[in-house]
Amino acid sequence: MLTSNLGYPRIGENREWKKALESFWANDTTEEQLLATMKELRLNHLRVQQEQEVDLIPVGDFTLYDHVLDMAVMFGIIPKRFLQQGDTPTLSTYFAMARGSKNAQACEMTKWYNTNYHYIVPELHDAAPRLTKNAPLEAYLEAKNELGIDGKPVILGPYSFVKLAKGYEEDKLQETIQSLLPLYIQVIQELVDAGARSIQVDEPSLVTSISAREMALVTRIYEQINEAIADAPLFLQTYFDAVTFYEEVVSLPVKGIGLDFVHGGAKNLEALRTFGFPEDKVLAAGIIDGRNIWISNLRERHELVHQLEQHVAKDRLVLQPSCSLLHVPVTTKREEKLDPTLLGVLAFANEKLTELHTLKQLAAGNEAEVKEALEANDDALAALEKSGWRSGAATSHNLENKKRPQSFNERRPLQEEKWQLPLLPTTTIGSFPQTKDVRRTRSLWRKGELSTVEYERTMKSYIEKWINIQEELGLDVLVHGEFERNDMVEFFGEKLDGFAFTANGWVQSYGSRCVKPPIIYGNVSFTEPMTVAETVYAQSLTDKPVKGMLTGPVTILNWSFVRDDLPLTVIAHQIAEALTHEVTALEEAGIEMIQIDEPAIREGLPLKAEDQQEYLDWAVSAFRASCAHVKATTQIHTHMCYSEFHEMIEAIDDLDADVISIETSRSHGEMISAFEKTTYEKGIGLGVYDIHSPRVPSEEEMLNVIRRALTVLPASLFWVNPDCGLKTRAEKETVAALKNMVAAARAAREELKTKA
């Protein structure tokens, strides 16, 4: 029996990866220095896995930005706006696709399945695939030559790669995949020729609700690869849920099949018991949760391994995490400030690999060798049970299915009379640039090196500065800027009971953007007002409305590491109940325009269609519960980003927010197209420019977005706003972009007057 890993966190123990990238983008380091740092990190990650005694160590999972972007560039799938014809892609090309450039809009970015990782969407229209290099081969040879590691190259499989892309017609799916197949065959053949004995081909899309026709297409794809390269050592890897067509998947002509026995594990286990497993294949079993940070109950996991052994011989069983460890932090070893009981039940990437080794030893009958580890595991779980953190009432049942007593059509005239806003009102999503000074002020205060009085005075100065800037720009609805917030989830978690925070528990969200998710370890409850002071101060500086800014219950849930002993709906409603108190406090303080952000509501959507309605029901219920009690004149806003929202437009409508803003610009008009087929009759803002790129769009460019949106949405309900918060942008580009945005809105108003 062997152990395997599917992928390792890229960012480094101290976010060295992030720092190297941002230093390069700021022109503080050269390309050579960047590549040298990245190589050092890459090799170090391999050494760590080698020290953890992982038998099959992944290579090629490391990236300079995103692994899907890597595949697109490797296959020459580079939109024409980034390349002159015949050009070879450079590092500049690569980063321009991810981040945009002065002359070209960045490629779209969206969620990686139902996670908080974002990938760059390949654009297949007009693509002429060609192999620009064999990146998995380079990674394999580097590991072999530098460290003597016979690694397991990782490749995103052809079916999933195309399904994650855009710019192809569904009825031409087979033709599109066929155009890439010769390149896949060449990459795999060169790996085999170089001596690779295991090649991981990721096909996570096989756990979604694929059709029988598409499953037949997948079968044909792998038959063609097998015909071209007999006995290629392919491990077809799935994760995040159970496979939809178990019998067909395990019958594919590959050496091994990777199944997730954590997420969707019950269905995979049931299928294994019902249909068995081919005697000529290896089962790579995901038995350690790669997406959450709790230790495994090693005795329960050992029992699962024992159950698997009833159907698969030991020498054909590989133990591994349920998915890439990209989704968890690197190690707990620097978490010195956490409660010892809580720390004892946490396992990040390195600790999960240790658990794998322990389970391998147990399966081999070497219990004496891991006796100490088993006892420590027992003691840690017992201490958690004894702590009492998870006992007591879970949530108020009367919160479920609550809604505002008045319909939107009843509220709308009351709100219009109260707020007296112009047509196409302009606003921002919430945050303004967090400069080095802002971050330094927060850091000094947290360390106790700055008094609370001085900290609050400084924060007020930032708020006053940006209220003045917003008024000078002519924005209609203002925000206080969120300078006191390091992270939109962490900020609230720190002020609610039931949350804990790591010192170094960073994970990659997109590009160099890392987040430090809070840990929900116990029952969540309200303690005191969290946002009232800053918002009320901002409102005192202006006659224009200032929005209160909250993070919604579903986003707090989806962007946290969540306790594993309660249904998610219960935890979501606990958070909603806490937020009702904050909404009430804002309203009582005179803040009657309140934004409850739900950027992560889409990413929690289950991957199988049959499981989605249940999730949407409780997600909508939790959001509505947080604000169902407000006055009819109080205007509730929400914001969402990076998602295929046309899939869930009914649920968005059911949220019953008075105004919703949605990320639009990176989808290059596709979000607007979705409204051609769907009627939406509440306030809505489709982001008119991409805030994830340093590029400043022109007034005309944003005006064109507004014009296009107004062909499918009524002007009387349309708002003008950026795609997302402006926290990560520089001040100069932020002011320039907002100036153009306000000018575009005013120009659009004039055009509407002329038409009228």
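The backbone N, Cα and C atoms fix where each Cβ goes, and this holds for glycine too.
Annotated features, as they stand in Swiss-Prot:
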- Arg15, Glu16, Trp17, Lys18, Lys111, Arg513, Cys514, Trp559, Glu603: 5-methyltetrahydropteroyltri-L-glutamate binding site (BINDING)
- 392-411: region 'Disordered' (REGION)
- 399-411: compositional bias 'Basic and acidic residues' (COMPBIAS)
- Ile429, Gly430, Ser431, Glu482, Asp597: L-methionine binding site (BINDING)
- Ile429, Gly430, Ser431, Glu482, Asp597: L-homocysteine binding site (BINDING)
- His639, Cys641, Glu663, Cys724: Zn(2+) binding site (BINDING)
- His692: active site, proton donor (ACT_SITE)
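Ranked by Cβ neighbours within 10 A across all protein chains shown, the recorded positions Arg15, Lys111, His639, His692 are led by His639. Calculated from their C-alpha atoms, the gap between Glu663 (Zn(2+) binding site) and Arg15 (5-methyltetrahydropteroyltri-L-glutamate binding site) amounts to 28 Å. When the record's L-homocysteine-binding residues Ile429, Gly430, Ser431, Glu482, Asp597 are compared pairwise by CA position, the greatest distance found is 13 Å. Put simply, of the recorded positions Ile429, Glu482, Cys514, Glu603, His692, the one whose Cα is nearest the Cα of His639 (Zn(2+) binding site) is Ile429.
The residue listed as 'active site, proton donor' and Cys641 (Zn(2+) binding site) are 12 Å apart (CA-CA, integer value). Taking DSSP states H, G and I as helix and E and B as strand, the compositional bias 'Basic and acidic residues' (399-411) has 5 helix, 0 strand, 8 coil. Nearest Cα neighbour of Gly430 (L-methionine binding site) among the listed binding-site residues (Cys514, Glu603, Cys724): Cys724.
The binding-site residues considered are Ile429, Cys514, Cys641, Cys724; of these, Cys514 has the fewest other C-beta atoms within 10 angstroms of its C-beta. Annotation note: Trp17 (5-methyltetrahydropteroyltri-L-glutamate binding site) sits in a helical segment as assigned by DSSP. For the pair Glu482 (L-methionine binding site) and Cys724 (Zn(2+) binding site), the Cα-Cα distance reads 13 Å.
Around the Cβ of Asp597 (L-methionine binding site), a 10 Å sphere holds 25 further Cβ atoms from the protein chains shown.
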